[in-house]
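According to TrEMBL, the protein has these features:
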| type | residues | note |
| --- | --- | --- |
| DOMAIN | 13-87 | domain 'Peptidase M12B' |
| BINDING | 15, 19, 25 | Zn(2+) binding site |
| ACT_SITE | 16 | active site |
């Protein structure tokens, strides 16, 4: 479930939609129901692209070369009747605003973990520059230890002077 304003379902939806257009998990063999499907054995699971559950690098925001090859083969095999849609409506949003420009770290933590008390955001410079932050809370009683959950920073959120997070990397804000 996507908590409104947290954008927490974007990555899982992207991963699942990739399955629908022919991608297997990175490191997996080709399925037998699509002729000439290349599979993803050449792209290790540990590289942490979208078709993996590893989240330790900015690869987490990208498809591996294996996934891209699988999309091409699957879409060519299925043909235009599978993917061609004709419409007169412009469905693209005409905004350049990124989620992190609309939702603060505190708002994100509050949305995701509102069932806990004593909410705080830990943004030490080390993890901030890695486009991560920690949502911290005390659970059950005021005497329990503080618990923290590391979260990926939303695109557009500030990570250093004149820099913002974009696809997991801290980059110059002029790139937005």
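Yeah, the Cβs are placed from backbone N, Cα and C, and that goes for glycine too.
What TrEMBL says about a protein is an automatic prediction, not a curated fact.
According to DSSP, residue 16 (active site) is assigned to a helical segment.
For the residue listed as 'active site', the count of additional Cβ atoms within 10 Å of its Cβ stands at 10 [all protein chains shown]. Shown are the binding-site residues 19, 25; the one with the most C-beta atoms within 10 angstroms of its own C-beta is 25. The 10 Å shell around the Cβ of residue 15 (Zn(2+) binding site) contains 18 further Cβ atoms across the protein chains shown.
Excluding 15, 19, 25, which define the Zn(2+) site, the same chain contributes 16, 18, 23, 24, 50, 51 within 8 Å (Cβ to the Cβ centroid), listed in sequence order.
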